Amino acid sequence: MRHLISMRDIGREEILNILNESEKMEAILNENGHCDFLNGRILATLFYEPSTRTRLSFETAMKRLGGNVIGFTDISNTSVTKGESLADTIKVISGYSDLIAIRHPSEGAARLSSENSKVPVINAGDGSNQHPTQTLLDLYTIKREVGHIENLKIAFIGDLKYGRTVHSLCQALSLFKSVEIKLIAPDELKMPREVIEDIDGKLKLSEMTDVEIDDVDVVYMTRIQKERFVDVNEYYKVKGIYRLSKEHIGNKNVVIMHPLPRVDEIDSEVDNIPQARYFKQSFYGVPVRMAILKLLFEDSIK
């Protein structure tokens, strides 16, 4: 694995390898809190869009591996404001670092970065396209909290049009056997047809607008993303259309996930019930990103 840009680029065995490595990293965190696998190495974090969990978990992961971090979170302090192209920025920064993690508002920016980099590039989110490290931590959460990925029933609820985490996760789940997916969204925010066509026939798929979750293993809630709407009036038409409360949760074994940040789609009272795993899901971002950084670096020096 030279870069991690899209879930389409990696197969089932590579996914399982990353998940197995993540278990080792979690054990290290629980035992010692750190190791020296990437001692003296540098990760560049280039965040052209706001981020809390993804950026900080990448930085934490690199430091837990013994490495260091450089980067930016505010493009107004960079040469982007002078008109420097993304390709040129990557060519320069790949000379300063051993790995790059980039978040960018434009679809395809991570792919372009990988084509201009001397070092491995990790897509930390490119517009509404892909978010592969989130997908891998989601799969890890499912494996750890449900106990299995195959023979899985999962309901995705909310913004399935702009939600890059959902696009990536559906594509990854299509590689596993006997997966059933419910896509629950208003007409304005349905899953893009190209994603449906990509996964159709590989798993059991149903689309609906009403919330039906009593028979699923996982409920995956998503935020309605105001920043993705060209017309803000369209956002207000669907804002708050789905709100998960304790009354909706009749299945004591269901696992409730959310990529975060949350706005109003999950009542805060849900946080205190055992089915809520979204904060644990967020924690899993550290061992999973540790595994990704370690494996990518090892592959880059072979």
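Yeah, the Cβs are placed from backbone N, Cα and C, and that goes for glycine too.
Positions annotated as carbamoyl phosphate binding site by Swiss-Prot, on the basis of sequence analysis: ARG53, THR54, ARG103, HIS131, GLN134, LEU260, PRO261. The Cβ of LEU260 (carbamoyl phosphate binding site) has 19 neighbouring Cβ atoms from other residues within 10 Å, across all protein chains displayed. Following the DSSP three-state reduction, the secondary structure of LEU260 (carbamoyl phosphate binding site) is coil.
Within the same chain, no residue at least 6 positions away in sequence has its Cβ under 8 Å from that of LYS82 (L-aspartate binding site). Annotation source Swiss-Prot lists L-aspartate binding site at LYS82, ARG164, ARG223.
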Check ARG103 (carbamoyl phosphate binding site) against DSSP and tell me helix, strand or coil, would you? strand
What are the non-local neighbours of ARG103 (carbamoyl phosphate binding site), defined as same-chain residues 6+ apart in sequence with CB under 8 A from its CB? LEU46, PHE47, TYR48, GLU49, SER51, THR54, ARG55, ALA124, GLY125, ASP126
What is the number of other Cβ atoms found within 10 Å of the Cβ of THR54 (carbamoyl phosphate binding site)? 25
A 10 Å Cα radius around ARG223 (L-aspartate binding site) captures, of the binding-site residues ARG53, HIS131, GLN134, LEU260, PRO261, exactly LEU260, PRO261
